[in-house]
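Chemist: As annotated in TrEMBL:
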type	residues	note
COMPBIAS	50-59	compositional bias 'Polar residues'
DOMAIN	633-952	domain 'GPI ethanolamine phosphate transferase 2 C-terminal'
REGION	35-59	region 'Disordered'
TRANSMEM	431-452	transmembrane segment
TRANSMEM	464-489	transmembrane segment
TRANSMEM	501-526	transmembrane segment
TRANSMEM	678-695	transmembrane segment
TRANSMEM	707-728	transmembrane segment
TRANSMEM	740-757	transmembrane segment
TRANSMEM	830-849	transmembrane segment
TRANSMEM	869-890	transmembrane segment
TRANSMEM	911-930	transmembrane segment
TRANSMEM	942-962	transmembrane segment
Amino acid sequence: MKLSSSVFALLCLICEIVSLALFLRGFFPVPVKSSFSDKSKVTDFPAEPQTGSGPNSSKAPAPLFKRVVIVLIDALREDFVFGSDGRRFMPYTRHVMERGSSHSFIAKARPPTVTMPRIKALTTGSIPGFIDVVMNLNSPALLEDNLIWQAKSAGKRIIFYGDDTWVRLFPKHFMEHDGTTSFFVSDYTEVDNNVTRHLDGTLKRDDWDILILHYLGLDHIGHISGPHSSLIGPKLMEMDDVIKKIHASLVSKESEGTLPNLLVLCGDHGMSETGSHGGSSEPEINTPLVLISPTFRRKAGFEEPGVLEQVDLTPTLALGLGLPISKNSVGHLIPAVFEELSLREQLRLLQINGHQVSRLLQDSNPTFHKEVGYEQFRVAEKSHGSWMKLYVDGNTSEVLSNMGKKVLKQYLEALKAMSSALSKQLGKYDMYSMIMGMIFILQVLFLLLLAMPEALSREAVVDVPLASSLLSLPFYLLCLFGSALHVLVCTSAGGPCYLCSLPWVLVFTVIVLSSAFTCALVSMVARRMPTSNKTPTKGSDWTLSELDVLLLIGTVGHTLSLASSSFIEEEHQTWYFLLNTLCLAVFQDVCRKYFKEQRHRDEEDEGPLLPSGAKEGPSFFPAVELGMSPGSEKWLALATPLLTLTCCRLLRSLNQTGVQWAHLPDFGHWLNSGDHKAFLSLLAAVSLVLIFLLVQRHCSLVSKIALALGLLGVYSYRAAVGNVLFPWQHSSRAVSKGTVEARFVYVFVLGILFTGVKDLLRSQVMSSVVDSGRLKSRGLWEVYSGVVLLVALLFRAHNLPTLACCLLIQTVMAQFIWKKLHYDAAQTTIMHYWFGQAFFYFQGNSNNIGTVDISVGFVGLESYVEAPAIFLTALSTYAGPLLWACHLLCFLSSQRDRAVMGLGHGSYCFALLRSIPAVFYVVLVTGLRYHLFIWSVFSPKLLYEAMHTLINTAICLFFTFMDQERSARP
């Protein structure tokens, strides 16, 4: 079966996406959960040692608190409370902490540090799976055992106000609720006012037991302008007033003979230095936990906060309210909360907590009896029994007290050890799905590599022996073997298995496809085997230039560097190095062409410098197009690599990314500070003017006018939201949320895209090949300019120079390097890919989920709409690779002498460049699935790789469409 290179590459990428999806389904494990489907009950409490087997021996402990108010402030970093910001902006909270009626802790949140998984952790005590970061956009009802369900079942009356994620997770659990969407990040005022407006009335009432308030404004400010914004202080003061109002109300309702109330101040996650979250940096995982109650009595003065796990709050609140601990909780009690109880009561609570954690350990780990924590718990239980025997006998000596403290210490050590063991065992991998996904993606890579001579030939056609493979005996034997293996695995699998749960028809289709791939690979290998009488095929007599070797070594070297967690965290450094090396190699080629080889040319039509496979066509002088003399062309070509190096060096200083140095100030932070807004405004205006000058050259008059008005609208939008200033503005206060201005830009984006698509459609019906090609080229450039305008709207003001430099480098490289030096389509594609990867990091992105700027998903929206929000966020995040891919499509289509095979070669190279790191990384994470940094470093990178592959598939789809359109014309 013969396929064009573009169609072949697209089909390979589609298979790769399916393979990655299967691998991801197996890799992201099911979180550790008890196999018992029911929830914890009071009757599950273990009997207290030496108290017999009567009904009172296993009764629930008495509650310690009458009412609990939980104030959860989204993205509350620990330094916002315990640091200098806390002293300045939260004076009342600090005053209460220093009075002695509180306990303060730094609660560590496990990645992914996004809202929905953190709420699940706080209410279930379990560590959610990493894939919950994807489910964060659409949270389903939480069915596993949790604190909210336990409280409702015990008759507790619960009221909730705030983030509607709680309402989706716990439907019909709240006596009263008012949810607000957490994704419309442009609003940081009304979203909190909607919570606070209920407070006065609710605090006066006596018909509730638990009040939960989830404030979102601080998180939204972080997404908009970062943790050092001038808006942070007023928002913290607002939250301090809320704490003051709640605490005063709870104190006024305290009375003799009743249980005390408890006020909990906490955050679900922190905030990175860029204002986002999702990763594992210290500012993202360290959150404050302040417990305030008159039952706490310690020395007055500010105490240094202790460190604990965020999930430790769950069993503490459960037993504090007299409720059973959730079955899947891996947390342990916070000892300071119960230190005012008698020693017997403290030991009883620790025994209950230890019994619950030990049962979870037994249920999730077949070798639980070898765990140190489990052995320590058994020893502690025996010691507890001995202590209780002395206690029941009425022993009141000092020996009893010392022995009790020793047992208390044993319980705490055992709980910490068991909790740590469960936390490390985040889940059970579906190895069958992982291995099958890995086999499929390896087959795709081998298929791409074996097809390279044909895919990069002048015909750009690949002959895949699929039909003959389906009729061969090995194919049927492989299908039979695969079916037998599937039955064997599914009947003996002891853990979760996704493939085993699928219908047989679907599984058999997968087996057939894998068998066909294997037979096709064997046939292609046999066809490539050298024979004595076999003549070389056309296009297979390759020679490698120095640049080819550099591109090959760079691509393979970058892939191999991903084997280290440090290289993944600082991957941008690899791309910066490769880009600098590429510029130096291009500089060498320019020198060779214009200064060295010119002396030795005896004929005017001498072959091209590089193995492009095409002879130099009619004389082309880019300098003449730019209004300069032909003699100056060589100096402009010589300056192009140096200009590119200069731009890249400046862009590196604009956004500090990665992990090791992300906390250091960069030029972007300097620009975004309030003192330099005038300079930022000037820089943004100059960047927008440069963008217009670089893009408008290929557009029609109507598109030029629309582009100019659209870029003016971009500046107006940034001025409206307070990022930049107009010359006549004397106040930096935002006059609107920019909704009207953003929609104004959207109109022009759609207009330019419509004009481009119209030209592409008109080119289909034109009889003249020359006119059709010219119109199609203009249509592509207009579509490209529409994408540039949309990206300019989504980029933050300080990132507009990044976009301007991107367009500048594309223009000079196309005019003076790729055209004149006659790089072939494969070399040009690899260079575009490298530039796209580097600009991904120039934007400020990294392999950390926390650097994804979700605020761009709400530009021009008045409320949260899921589809456009996801599209805009993905477009902004991958703007660098997308712009370079779009430019490559326009560039190759405009080269009429090489357009016959250029698009096919480009599509194939994109598929191969994406497959190599994807396959390597799939194999890597399979081998390192128990690595210490598997969830903090490797898992986010795996998600980025999968998303990048999906983006590349969309790019290759467009390449294929344009390539087939070209092939359809005579």
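Every residue number used here counts from 1 along the chain in the order it is shown.
The backbone N, Cα and C atoms fix where each Cβ goes, and this holds for glycine too.
Could you place these features in context, so I can see how deep they sit and what lies close by?
Modeler: Averaged across the domain 'GPI ethanolamine phosphate transferase 2 C-terminal' (633-952), pLDDT for the predicted model comes to 87.
Remote same-chain residues near the transmembrane segment (501-526) are listed as 15, 436, 439-440, 443-444, 446-447, 450-451, 464-466, 468-470, 472, 474-475, 478-479, 482-483, 486 (criterion: CB distance under 8 Å, separation of at least six residues from the stretch ends).
Panel annotation: around the transmembrane segment (707-728), residues 186, 224, 672, 677-678, 680-681, 684-685, 688-689, 691-692, 695-696, 699, 734-738, 740-742, 744-745, 748-749, 752, 785, 789, 792-793, 796-797, 859 of the same chain, lying at least six beyond its termini, place a Cβ under 8 Å from a Cβ of the stretch.
Long-range neighbours of the transmembrane segment (740-757) within the same chain, counting only residues 6 or more positions beyond its ends whose Cβ lies under 8 Å from a Cβ of the stretch, are 699-700, 702-703, 706-707, 709-710, 713-714, 716-717, 720, 778-786, 789-790, 793, 859-860.
Through the fold, the transmembrane segment (830-849) approaches residues 111-112, 114, 133, 272, 274, 278-281, 551, 554-555, 568-569, 571-572, 575-576, 578-579, 582, 648, 651-652, 654-655, 657-659, 662, 668, 795, 799, 802, 805-806, 809, 813, 818, 823, 877-885, 887-888, 909-910, 913, 937, 940-941, 943-944 of its own chain, all at least 6 residues removed from its boundaries and within a Cβ separation under 8 Å.
Tertiary neighbourhood of the transmembrane segment (911-930): same-chain residues 9-10, 12-13, 16, 20, 23, 27, 429, 434-435, 437-438, 441-442, 444-445, 448-449, 452, 555-556, 558-560, 562-563, 829-830, 833, 938-939, 941-942, 945-946, 948-949, 952, 956, selected by CB-CB distance under 8 Å and a gap of 6+ residues from either end.
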Chemist: Using a Cβ cut-off under 8 Å, which residues of the same chain at least 6 positions beyond either end of the transmembrane segment (942-962) come close to it?
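Modeler: Sequence-remote neighbours of the transmembrane segment (942-962) are 4, 6-7, 9-10, 13-14, 16-17, 20-21, 24, 27, 133-134, 780, 847, 849, 874, 878, 881-882, 885, 889, 893, 903, 906-907, 910-911, 914, 917-918, 921-922, 925.
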Chemist: Taking a Cβ cut-off under 8 Å, which residues six or more beyond the ends of the transmembrane segment (869-890) line up next to it in the same chain?
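Modeler: For the transmembrane segment (869-890), the sequence-distant neighbours (Cβ-Cβ under 8 Å, at least 6 residues beyond its ends) are 137, 183, 698, 777, 780-781, 783-784, 787-788, 790-791, 794-795, 803, 806, 810, 814, 828-829, 832-833, 835-843, 845, 852-854, 856-859, 861, 903, 906, 910, 947-948, 951-952, 955, 958-959, 962.
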